[in-house]
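A.B. asks: Have a look at this one.
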Number of protein chains: 2
Amino acid sequence: MSQVVVVGAGVIGLSCALTLSEGGYKVKVVAANFPTDPLSSKYTSSWAGAHYRPFPSLTDKDYEDAMLTRVTYDYFKKLSVEEPESTVKWVQGVDFVEEKGIYGVNSRGYYEGIDDMKIVPREQYPPGVAFGASYTTWVLNSPLYIQYLMRKLTFKYGVTFTRAELISLKQISQAYPGHIIVNATGMGLQWDGGYDGDCFPIRGQTLLVRVPQDCLYLNKTVTHQSKDGLWTFVIPRPHHGGVILGGTKQLDDYQSTPKEEDTNALIERAKILYPELFIEGQLDIRNVNVGFRSARNGGLKVELEKYPGNVSVVHAYGAGGMGYELSYGAAKKVEEIVKGIWPKSKL
Amino acid sequence: MSQVVVVGAGVIGLSCALTLSEGGYKVKVVAANFPTDPLSSKYTSSWAGAHYRPFPSLTDKDYEDAMLTRVTYDYFKKLSVEEPESTVKWVQGVDFVEEKGIYGVNSRGYYEGIDDMKIVPREQYPPGVAFGASYTTWVLNSPLYIQYLMRKLTFKYGVTFTRAELISLKQISQAYPGHIIVNATGMGLQWDGGYDGDCFPIRGQTLLVRVPQDCLYLNKTVTHQSKDGLWTFVIPRPHHGGVILGGTKQLDDYQSTPKEEDTNALIERAKILYPELFIEGQLDIRNVNVGFRSARNGGLKVELEKYPGNVSVVHAYGAGGMGYELSYGAAKKVEEIVKGIWPKSKL
């Protein structure tokens with residue numbers, strides 16, 4: 001029996017469960033939190049203002065990850081047509097950058113495989129902007145997307161979901177002997193317990209806002225990267241999900257409740273950059289989101305490791321703020337690795 | 001200011017909030033439970049295996065309610081095309097009845113306004129069946145539908161949602177002076193507290209099952225009404241929601257947890273009536289649902305009552321097992337009554 005147990009039910013874990021199910025494997029998911037639970041700071045995938053932004057690659061690893069995001073990009077093209085209930089929708093994406101830096105025509109891995117990618121004419125730049133690019137990109141409603149994945153896994157593929165608070169991967173190998181383990185625990189749960197020392201959380205606070213019914217940001221995502229290192233972005237959430245206004249990237253900050261100063265700073269930036277979000281001079285804030293991106297020095301880790309008893313663990317964690325962008329691509333890579341261990345003959 | 005407060009956030013309350021918002025009223029919803037809460041026996045709308053079944057009318061009130069269900073039917077036609085994220089989907093509906101009784105060609109309110117309504121040829125009846133009808137009907141994924149309503153109300157219409165455990169309608173009139181109150185509390189919360197004496201819960205237990213990928217009941221809903229008074233039905237839940245196998249109609253039964261004997265009885269009936277649901281001889285049960293239909297002697301109550309201080313309360317409760325079928329129609333009637341009190345000029 002070719003059985004796989006996926007540990008973790010964030011967007012990476014569920015995507016791995018999906019590619020493996022599609023590949024004919026019998027899959028179980030074990031996790032502490034599920035997409036259908038009430039919102040919790042322990043579970044990151046529900047908070048994401050998920051959209052796709054290409055980035056210039058500085059290293060080979062960057063480039064490799066960029067190509068994984070393209071696998072997701074291509075998959076979402078199919079999904080938005082075949083399964084609109086996934087909430088995936090295509091809109092115009094715009095990036096404005098105040099420090100041009102690595103951005104430009106020769107940037108490696110920036111233009112490849114992205115539809116309608118072009119440099120915005122300089123006369124259309126807002127004040128202070130040194131570089132702008134426009135492209136066709138997907139957005140999705142993150143809490144609905146992961147619930148959709150869970151339903152599809154349940155009812156199409158018969159995947160089972162078991163809740164467990166784990167302290168080590170060893171526990172899993174004991175509870176599921178003979179299974180391949182996919183370690184999609186975000187921060188990298190270790191064999192003997194604890195988390196990957198290269199992993200660290202990056203706090204993000206965003207606002208979920210109601211906008212005027214004719215607001216251009218219901219059909220457009222714009223990211224503004226300031227000289228002082230701040231990122232400000234608007235991302236529509238399809239299926240009447242409002243608009244995400246973000247955000248913060250806070251290292252060594254573990255506060256899971258919203259901070260008023262962050263909210264106020266976001267409102268101030270929005271007044272200048274995105275005045276179209278306001279209704280009668282006010283932002284109609286419907287939720288203040290706080291999530292922790294599970295980042296890793298060196299970026300996403302997707303690789304096979306062997307543990308005592310010849311247990312195969314395929315790691316898939318540390319996606320940081322790129323969980324949705326990497327999700328299907330990383331999961332296809334996980335499936336390839338699993339096939340290398342256990343080629344599955346077609347049923 | 002033409003302001004309305006809707007009490008209750010089940011499918012009737014949310015539908016009233018929708019028609020009133022569409023009609024230009026400023027709406028607030030106050031409720032103890034919301035569609036996004038974890039499943040609870042206190043909140044019925046999440047459990048429904050919602051589909052549409054026409055019924056012959058015995059009384060004028062039956063006929064009036066039947067016509068309200070047709071309003072919903074027509075509305076859902078539009079919705080399934082314009083907003084597929086509502087999950088509304090059109091499939092073949094079939095009724096098999098062992099005691100013909102009131103069913104037949106002359107039944108009042110049975111055929112009107114239903115697409116493709118026809119009597120099933122006798123040679124296609126399963127054993128014991130005395131009457132069969134086939135028609136085009138909607139199904140929907142009830143937990144997703146009410147969440148969609150809540151999102152649309154929030155982000156399209158700016159409706160606010162406030163959680164409160166109420167003991168009387170008077171409380172609401174004090175908290176929201178000058179508002180029209182819509183009383184969509186299921187069992188009919190009263191002005192001075194308590195519930196409508198004509199209301200009573202009917203326990204329903206159903207099974208949410210995973211079925212083979214080629215199962216005909218992913219695209220068909222069939223209801224089998226036996227001589228002994230039992231109802232057995234299969235209803236697909238669109239958007240990878242599985243299939244509902246039901247059910248029970250238990251009066252004076254307040255057990256909110258699943259009963260093994262009910263589950264076993266359902267499995268036995270399914271073996272005979274719906275063998276196509278089984279996977280390798282087993283039903284793959286993913287949840288056992290228990291909900292309480294808020295029924296009322298005399299059926300749905302939609303009417304205006306005046307209370308001390310000239311407070312207008314529009315009642316909308318007691319839909320029993322027909323909450324989804326009546327929802328939009330009842331809500332349109334509520335909107336008409338509200339317009340009678342407070343005609344709203346277009347903004």
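The backbone N, Cα and C atoms fix where each Cβ goes, and this holds for glycine too.
Predicted, not measured: the structure shown is a model, and the values here were computed from it.
Here's the feature list from TrEMBL:
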type	residues	note
BINDING	A:Thr44, A:Ser45, A:Thr185	FAD binding site
BINDING	A:Arg293, A:Gly321	D-dopa binding site
DOMAIN	A:4-334	domain 'FAD dependent oxidoreductase'
SIGNAL	A:1-17	signal peptide
A.B. asks: Can you check which residues sit near A:Gly321 (D-dopa binding site), meaning Cβ under 8 Å from its Cβ, same chain, 6 or more apart in sequence, and list them in order?
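C.D. replies: Residues satisfying the criterion: A:Ile202, A:Gly204, A:Lys249, A:Arg293, A:Ala295.
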A.B. asks: Give me the long-range Cβ neighbours of A:Thr185 (FAD binding site): same chain, 6+ apart, Cβ under 8 Å, in sequence order.
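C.D. replies: Same-chain residues close to A:Thr185 (FAD binding site) (Cβ under 8 Å, separated by 6 or more) are A:Val7, A:Gly8, A:Gly13, A:Leu166, A:Tyr195, A:Tyr317.
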A.B. asks: Would you list, in sequence order, the residues of this chain other than A:Thr44, A:Ser45, A:Thr185 that have their CB within 8 A of the centroid of the site's CB atoms, where the site is the one recorded for FAD?
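C.D. replies: Checked against the 8 Å cutoff, the neighbours are A:Gly8, A:Ala9, A:Gly10, A:Val11, A:Ile12, A:Gly13, A:Asn33, A:Tyr43, A:Ala184, A:Gly186, A:Ser294, A:Gly323.
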A.B. asks: Hey, what's the Cβ neighbour count for A:Arg293 (D-dopa binding site) at 10 Å?
C.D. replies: 21
A.B. asks: Take the Cβ of A:Thr44 (FAD binding site) and count every other Cβ within 10 Å, whichever protein chain it belongs to.
C.D. replies: 23
A.B. asks: Including all protein chains shown, what's the count of other C-beta atoms within 10 A of the C-beta of A:Ser45 (FAD binding site)?
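C.D. replies: Taking every protein chain into account, the count is 25.
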A.B. asks: With FAD as the bound species and A:Thr44, A:Ser45, A:Thr185 as its recorded binding residues, calculate the greatest Cα-Cα distance and give it in Å as a whole number.
C.D. replies: 12
A.B. asks: Express the predicted model's confidence over the domain 'FAD dependent oxidoreductase' (A:4-334) as a mean pLDDT, rounded to an integer.
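C.D. replies: The predicted confidence over the domain 'FAD dependent oxidoreductase' (A:4-334), as a mean pLDDT, is 96.
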A.B. asks: Please report the DSSP secondary structure of A:Arg293 (D-dopa binding site), reduced to three states.
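C.D. replies: In the DSSP reduction, A:Arg293 (D-dopa binding site) maps to strand.
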